[in-house]
Amino acid sequence: MSPVRVFQCSRLEGTVYLPGDKSISHRALLLGAIAQGTTTVSNFLPSGDCLATAGALRDLGIEVVLPDSHTAIVHGRGLRGFRCPEKPVNCVRSGTTMRLLTGLLAAQPFESTLTGEEQLLRRPMERVASPLRQMGAHICTMNGYAPIIITGQNLRGACLALDVPSAQVKSAILLAGIYADSPATLLEAAPTRDHTERMLGAMGVNIDIRESKGIREITLIPPTHPLLPLEIKVPGDFSSAAFILAAALLAPQSRVRIKDVGINPTRIGFLDVLYQMGADIRIAGERIMANEPVADLEVQTSELEAVEIKGDLVVRMIDEFPILAVLATQARGRTIVRDASELRVKETDRIATVVKELKRLGARIEERPDGFEIWGPSQLRGIPVSSHGDHRLAMSLFVAGLVAQGETVIDDLDCAADSFPGFLTVMQSLGAHYVQY
Ligand SMILES: O=C(O)C1=C[C@@H](OP(=O)(O)O)[C@@H](O)[C@H](O)C1
Ligand SMILES: C=C(OP(=O)(O)O)C(=O)O
């Protein structure tokens, strides 16, 4: 754990490419493992979380090769190719790894245990175990938390309404549904990210999606043929782009272009909010990559206004609240976030930790049960702060450090590599100044 000292920044400028999307990289590995043949993933995200998925798959007998720092090759063994793991499978700090694997393992003919680091053992797992049980799965959690013990079963189809608007829960059900004896249908009131549906469709799985009266109905027909392996290039991660966008909006006289960013509509609620705040961001060269929409984003320094965020929009920007809070400290007026209590069960309680650390920097921010309120603009002052080991908070505090007067010392930025390895190098290439001990 090495502290980083960040200095106030006068200008950010340049063009950057970002590492691949985290959600898509996880799914490419997991689905590649059950495809029949070799899946090649370029612009793969070699982050702590995605490497946890690679490690877990190796424990399950799947060969995953990383020939260079941004390529993954998965030697898929088909729907029934997993090997019974010899020890508990370590999902490290990755919620996506643990929840999606729970769905896959629920249908395998062996018993397996999923565990992880302390941070992950504090996150709720009944949300995924409970709907899977309705499909016949045999899953034990420890009072709702991991370690999770899964005894594989023959699964049945079911019609399930998602209680928690979570793409991880939805994906776990869809992965289990591949193995069920009849179709599985899911009803989603707030649309969550749909990368699993897109990738399954590209692999030849029959997946039907309709929308009526604001409810999305997703039906997966269990395949009777092997899943097709894919050759995909992963789009840049919009959730990583969010930090660059915020930094360029706040640092004076900045102009930054971010190439090949995923702009899947289920992921870019933060962009909608930025436009509402008055951000100058241009979307250029829209195209399709790996069955996902991508574009280049061009951003310039902008005067920002406060916003109110609530309802379904929260789901479409669930990982962007720490950085939104930093922006709101510099926006004119009162920013209000409601309906976001889900933030309390992420890597940290992201309502409590964001409020605590931004207060230290001099922000006028108050905690609410389901969000926070921020009054801006306020001059932030550099001081020692803590990321609490949460990658998104760490990167948000770095961006806050770029606008704070003086020096901001962040106790641990290594955790940024859970989702955005190379974050500091990218920021430095744009003109940010920092010292790492
Ligand atoms: O499915 C995914 O890849 C993810 C879904 C979201 O979690 P929830 O499903 O818990 O909302 C998100 O916060 C996480 O970073 C990645
Ligand atoms: C919540 C996150 O990831 P996960 O749930 O996979 O740990 C995140 O990346 O912010």
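Just so it is clear, glycine is given a Cβ too, placed from its N, Cα and C backbone atoms.
According to TrEMBL, the residue from ASP59, ASP312, ASP319 that belongs to the 3-phosphoshikimate site alongside LYS22, SER23, ARG27, SER166, GLN168, LYS346 is ASP319.
In this structure the alpha carbons, written CA, of LYS346 (3-phosphoshikimate binding site) and ARG123 (phosphoenolpyruvate binding site) are 7 Å apart.
Of all the Cβ atoms in the protein chains shown, 30 others lie within 10 Å of the Cβ of SER23 (3-phosphoshikimate binding site).
Each of the binding-site residues LYS22, ARG27, LYS346, ARG350, ARG392 was scored by the number of other CB atoms within 10 A of its CB, and the lowest score belongs to LYS346. For ligand 1, the nearby recorded positions are GLN168, ASP319; that is, of ARG27, ARG123, GLN168, ASP319, ARG350, ARG392, these have a C-beta under 6 Å from one of its atoms.
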